[in-house]
Amino acid sequence: MAAFIAKQMVGNQLSAVKDAAGGGGDGGDDGDDKEKAEEEERERQEAIREAEDRRKEKHRKMEEEREKMRQDIRDKYNIKKKEEIVEAAPQEEPNPLMRKKKTPEELAAEAEQEELDDFTKLKNQIETQVNELKTQIEGKCVMQ
């Protein structure tokens, strides 16, 4: 990256000297300027790519060294690597306010499941029996 900046600075100084000397006065320089700008842009993009590649390689090496140190510590203290926990963590919902909203169909399915609960079944059964007894008693008793 530093080499790129140095090239830019030297290139700017050279073009300023050229302009001051009167070298840019003829009409054919527009095509040269475009070509020069395109070339500079290609060089800039290449420098950016190279810098990014160097950065990625540096970080990869650093991570390898860290992993080697971690493995040495695991070996020293007989610790097993925890990979299952890392996979299980994203499945949990950390914030209940950010959960997906349920559709009416899902809500109806949950309500139906609640009705199928053992206690709910027993309660419904008892209620129906009580209602049947009420109707039988009311049918036998006539109030005047």
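Cβ from N, Cα, C; glycine included.
Bear in mind that the values here come from a model prediction, so they are computed numbers and not experimental data.
According to TrEMBL, the region 'Disordered' annotation covers 17-73 (among others).
If you look up TrEMBL, you'll see 33-73 marked as compositional bias 'Basic and acidic residues'. For the compositional bias 'Basic and acidic residues' (33-73), the residues of the chain that approach it from at least six positions outside its boundaries are 1, 3-4, 7-8, 11, 79, judged by C-beta separation under 8 angstroms.
The feature region 'Disordered' is assigned by TrEMBL to 87-106 (among others).
Listed as Cβ neighbours of the coiled coil (109-136) (distance under 8 Å, sequence separation of 6 or more from its ends, same chain) are residues 102. TrEMBL lists 109-136 with the feature coiled coil.
Residue counts of the compositional bias 'Basic and acidic residues' (33-73) by helix, strand and coil are 41 helix, 0 strand, 0 coil (DSSP-based).
Computed over the coiled coil (109-136), the whole-number mean pLDDT of the model equals 83.
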